[in-house]
Amino acid sequence: MRAQRGLILLLLLLAVFCSTAVSLKCYNCLDPVSSCKINTTCSPNLDSCLYAVAGRQVYQQCWKLSDCNSNYIMSRLDVAGIQSKCCQWDLCNKNLDGLEEPNNAETSSLRKTALLGTSVLVAILKFCF
């Protein structure tokens, strides 16, 4: 019975940590007139944010990192001569210039939370089994 409760607790913790780990937020605008302020939470299969420019057309949206190459993006968006970047942290696709990973407290605290969560899960596994 004790092992069963431990397993249930472990599964609940995994669900919480896994759901927060894949919740990437990206700007989501097609050719914004001014700075894009609309953001969305990406689905788990879309693991990066795309910022692409073709002439005056701007694309900001969730994207699959493995599909982040110019030829694929041009064919998918049906445009030519595109400049694009993909990134993998929240709201990183504001513009082409700002696609460097931030070194701030928010990013650091997310990594610390993930490390703490992993440590807690290991402790629970050792305690219950």
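Glycine too: its Cβ is placed from the backbone N, Cα and C atoms.
Disulfide pairing as given by Swiss-Prot: among C29, C42, C36 connects to C29. The disulfide partner of C42, as annotated in Swiss-Prot and taken from the candidates C49, C62, is C62. According to Swiss-Prot, C86 forms a disulfide bond with C68, chosen from C49, C68.
Per Swiss-Prot, the disulphide partner of C26 among C18, C49 is C49. Using a 10 Å Cβ-Cβ cutoff, C36 (disulfide bond) registers 20 neighbours.
Distances between the Cα of C62 (disulfide bond) and those of the disulfide-bonded residues C26, C29, C86 are shortest for C26.
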